[in-house]
């Protein structure tokens with residue numbers, strides 16, 4: 001009986017260690033499916049490896065891989081059924097294998113277990129079980145066999161990142177199971193002896209000197225480990241309390257084109273085609289006692305650069321359940337179920353009643369901050385999906401005295417790009433002087449636009465500063481002072497932000513049932529056409545939430561002349577000072593470059609040699625993980641700098657790469673240097689490094705950085721004049737310089753160059 005328990009101890013420990021990785025990962029998944037599948041992979045992989053241990057070693061891997069294939073098909077089919085996906089099995093397998101890693105890292109948390117989000121954890125768990133069983137059980141190298149589950153555990157911690165609480169219970173359980181495996185594992189000689197081979201008898205005490213000699217290595221390793229712990233304890237303590245790095249920041253989420261990034265530009269096109277059938281919407285639950293559906297939202301536009309209002313969203317692949325924010329104080333939440341069928345609506349943006357909390361029938365990517373959804377594959381005629389929305393009815397009783405939020409959290413919603421037309425600024429100042437409270441200012445803008453301008457479906461499209469200036473103050477007989485909801489909403493947004501009101505613009509639709517059609521709330525289908533599309537502004541108020549405003553004029557009303565209520569100030573001889581725009585404060589990301597340290601297994605280890613060997617093995621694994629993490633993060637930083645979409649960002653990234661290289665070379669540039677002086681300092685540093693090297697460097701000399709300095713000066717004094725070709729040359733020049741400067745260092749400094757964490761720390765300080 002004791003022999004059976006001891007024989008089962010190591011396999012049980014390996015199964016438990018791998019299953020705990022699934023528990024750790026399951027904290028960022030919805031439902032228990034991923035935990036169950038990883039545990040199943042652990043049981044089957046370790047069980048098969050243990051059962052066939054008496055067979056030749058070359059037969060184990062093929063048998064295990066064959067079983068892995070069958071289990072993977074079963075798991076992916078189960079996940080597809082749970083997620084409501086009806087794609088063919090072959091297509092599901094191919095899609096999961098091709099997109100498993102990016103979709104797992106771009107999925108919104110909590111991640112829904114779908115075939116493409118579970119295939120990587122499942123396969124990794126199986127391979128870890130196979131490797132650990134072979135090395136620990138067959139060869140008898142228990143500590144070496146622990147490399148696979150420890151690596152899996154560390155990788156799981158990295159994938160989870162800062163998106164879950166501290167993993168203390170799973171970590172302690174992992175260490176306890178590791179100690180159990182060490183305590184019950186057979187000796188290496190017994191594990192590796194072929195069945196039926198005679199044991200070699202050794203007289204008790206025959207080799208006492210050899211036994212003590214075998215302890216020298218582990219004791220030395222333990223002493224080195226203790227020295228490292230005492231030397232690095234303060235730094236390790238700081239890393240433990242720091243926020244882990246989120247690997248999702250290094251994976252590019254789904255991107256959209258200009259059509260979906262700024263759907264406000266489509267309003268004029270829909271206004272010219274009012275009968276265009278865009279989609280159908282059917283209410284599946286009673287939500288509006290007055291009949292009809294609430295507004296259907298297409299996109300929320302948070303950013304304005306003086307040319308276009310943009311969504312500016314970061315879309316994450318989402319499952320059927322979408323994350324929702326808590327309702328505003330005093331608000332009531334109603335559930336609205338709707339079914340939508342796409343007709344002629346193009347692009348990727350998915351319309352839905354705000355705010356969606358669940359979607360079925362299609363794969364979506366979701367931006368939780370704005371509540372905007374996209375279908376990465378694009379919309380197609382006939383696409384039908386069902387959305388569950390949480391519609392808020394705000395408590396507006398305190399609106400007249402409500403304040404608006406401020407600070408970095410809403411800086412994005414207050415940002416106004418440079419170049420505001422003088423008359424637009426004067427109009428905002430006039431409306432602000434006459435109204436003090438935030439709500440009064442918003443109402444003043446709303447009423448001014450509604451009473452002084454007219455709606456014209458054939459008005460020119462556009463909402464840049466020149467377009468808005470012409471809309472607000474252009475001659476009425478030449479097309480000025482008229483527009484679509486595009487100009488009304490965009491003008492409200494700019495004026496409101498100039499008055500310190502956090503504002504956004506929303507593009508959506510107002511479904512209207514046709515005469516004689518069933519009421520929408522009883523299941524009738526309402527066609528949504530081009531005439532139903534419009535845009536409206538929303539203002540954020542403290543304690544209330546987002547309040548929508550309607551600056552559109554009433555039908556059949558004649559607008560008042562703008563000159564009656566707005567008189568621009570006379571031009572002065574000298575240029576008047578303009579108000580500086582509110583800077584866009586980008587929240588800094590708190591991230592630690594270190595990985596959480598793991599303590600050495602303690603407990604019922606049988607001998608001091610086993611304990612010391614386990615400690616040294618754990619330290620080696622941690623060091624290897626740190627090296628890999630540093631290399632990955634350094635390369636990701638350089639890639640993010642030199643491959644940015646904006647040419648200005650690429651030029652700045654090239655400049656930062658050179659600056660980091662100079663600091664790594666021990667010659668940091670002074671922050672007071674001009675761009676030309678910086679380039680001269682870099683050239684002198686490269687020349688000095690080449691002279692100090694005893695033998696010629698295997699690479700060419702460092703190139704001059706004059707062109708990079710010129711581009712930095714141009715970007716500083718003439719923003720927007722740097723094109724993509726120049727940015728690419730700047731990146732190539734910086735890369736060549738850094739490579740040459742590194743080649744002029746001694747070999748050991750070249751080795752440490754790529755592992756130095758300094759650039760990661762300096763990049764965080766610059767934020």
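Note: Cβ is positioned from N, Cα and C throughout, glycine not excepted.
The shown structure was predicted, so the numbers you read here are calculated from the model rather than taken from an experiment.
The feature compositional bias 'Basic and acidic residues' is assigned by TrEMBL to 557-575.
Under the heading compositional bias 'Low complexity', TrEMBL lists 581-604.
DSSP places the residues of the domain 'Transglutaminase-like' (477-553) in helix, strand and coil in these numbers: 22 helix, 27 strand, 28 coil. The annotation domain 'Transglutaminase-like' is assigned in TrEMBL to 477-553.
The region 'Disordered' annotation in TrEMBL covers 550-604.
A Cβ distance under 8 Å defines the sequence-distant neighbours of the transmembrane segment (7-27), meaning residues of its chain 6+ beyond its ends; these are 34-39, 41-43, 45-47, 50, 121, 125, 128-129, 132-133, 136-137, 142, 145-146, 149, 152-153, 156-157, 159-160, 164-165, 167, 170, 173-174, 177-178, 180-181, 183-186. Under the heading transmembrane segment, TrEMBL lists 7-27 (among others).
Taken from TrEMBL, the feature transmembrane segment applies to 33-52 (among others).
Per TrEMBL, transmembrane segment is recorded for 59-80 (among others).
Within the same chain, residues 11, 14-15, 17-18, 21-22, 25, 33-34, 37-38, 41-42, 44-46, 48-50, 53, 57, 60-61, 64, 68, 71-72, 75-76, 79, 96-97, 100-101, 104, 141, 144-149, 151-152, 155-156 sit at least 6 positions outside the transmembrane segment (118-135) and bring their C-beta atoms closer than 8 Å to a C-beta of that stretch. According to TrEMBL, the transmembrane segment annotation covers 118-135 (among others).
Taken from TrEMBL, the feature transmembrane segment covers 142-161 (among others).
Summarising the annotation, TrEMBL assigns transmembrane segment to 167-185 (among others).
Feature annotation from TrEMBL assigns transmembrane segment to 215-233 (among others).
The annotation transmembrane segment is assigned in TrEMBL to 609-633 (among others).
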Per-region confidence, the domain 'Transglutaminase-like' (477-553) (mean pLDDT, whole number): 87
Tertiary contacts of the transmembrane segment (59-80), as residues 6+ beyond its ends and Cβ separation under 8 Å: 33, 37, 40-41, 44-45, 48-49, 52-53, 86-87, 89, 92-93, 96, 113-115, 118-119, 122-123, 126-127, 130, 134, 138
